[in-house]
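> Please see the structure below; I have some questions.
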Amino acid sequence: MSSELKDLVGSNGSLDSQEESPHVGGGGGSSGKAKDERPLLKPGSAASEAANAATPSERLEELEKKYAPYVRKDAYGTMGRGELPPAEWVLLGIALVTLVPIRLVVGIFLVVLYYLICRLCTLFYAPNREDGKEDYAHMVGWRRVVVVRTGRFLSRIMLFVLGFYWIRESHRSFSFEDEHEQPDESERPEVIVSNHISYVDILYQMSSCFPSFVAKRSVARLPLIGIISKCLGCVYVQRESKSSKGVSGILTERIKEAHQNKLYPMMMLFPEGTTTNGNYLLPFKTGAFLAKAPVLPVILKYPYNRFSPAWDTISGVRHVFLLLCQFVNHLEVIHLPVYYPSEQEMEDPKLYANNVRKLMATEGNLILSDIGLAEKRIYHAALNGLLCQS
């Protein structure tokens, strides 16, 4: 989580940068389109002259239409730099001298406390080492019980500290077609797939079922967070690694291990590959679906009045500060039934991913979008350009 904060401050980064699929997408799988080096507009063209003649507000409006899944519509505006009314400044001032110090102190205390618990539980316990990485996903006995139960409890306390006092959860139940039914539907799914909106998503999942996530290898070396990520059983990946397995291969192997050994934690994957403003659902990467295993779809929503917890077009420090300043934050969770792939879906991971995506969009009232991470980078670069001109 701290890695994600660090990455977004520098550019726009979840356990990984928001602009890198291994973390926030967690889905791995299909690679993006080849990078197009051609200029967006040819110098001297009529379109280029028209773009230069447009006012910043007109250009911003055009960008928001084109890159709608990443647009912030809360009271703080694009990049969290919108003009605020006097009443909002008063509320921020009150929160700055009351809520923020308390939440910071309690939040740091909770992280340190869980770090000490993880240190105690891993004392004299050999980690699982492979390809220069280590984790404690195979931990069993009282150690595992303590790590999981305290982790879930402290994660919920952390959400409470951040203003998520009540979390509204609902469970949908409906019948799939016969081709999706399996003999034993009571089996635990090995994979949870969810839309991705904020780093808060991770805290909720930890409090709910304490799954493993995908993280950059550097996360394991972070102070405090490193040992916690190892106890989560995170799958560490490195894009420039020469490993023949690749991200998708590592994920598939881990999912199969969880299927064979129910003591292993489930995998939590964000197949979109990045975050959105919560109203859209981006194309899914196939990494979560290559293992041909059933998946548990979860839909997250963050209703808001003033500040949207969605992590887009805003720096990490500014986002955390504004989140801490909110007196109340809201989170709604929709749990869908376990999705069992048909024979056709098992043979075609893209079909499997698309069908799960369509189901989540329908049940969560989300808009399907065909843009992805590459367009998000263009949007952020254009916003930074407008900011420099203003």
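A Cβ is built for glycine as well, from the same backbone N, Cα and C atoms used for every other residue.
Annotation source TrEMBL lists compositional bias 'Low complexity' at 45-54. Positions annotated as domain 'Phospholipid/glycerol acyltransferase' by TrEMBL: 190-303. Among the features that TrEMBL reports, region 'Disordered' is placed at 1-60. According to TrEMBL, the transmembrane segment annotation covers 89-117, 146-167.
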> Quickly jot the same-chain residues contacting the transmembrane segment (146-167) by Cβ under 8 Å, restricted to those at least six beyond its ends, or write none.
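Same-chain residues near the transmembrane segment (146-167) but 6 or more away: 103, 106-107, 110, 113-114, 117-118, 121, 136, 139, 200, 203-204, 206-210, 228, 231-232, 323-324, 326-333.
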> Please list, for the domain 'Phospholipid/glycerol acyltransferase' (190-303), how many residues fall into helix, strand and coil according to DSSP.
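DSSP composition of the domain 'Phospholipid/glycerol acyltransferase' (190-303): 37 helix, 24 strand, 53 coil.
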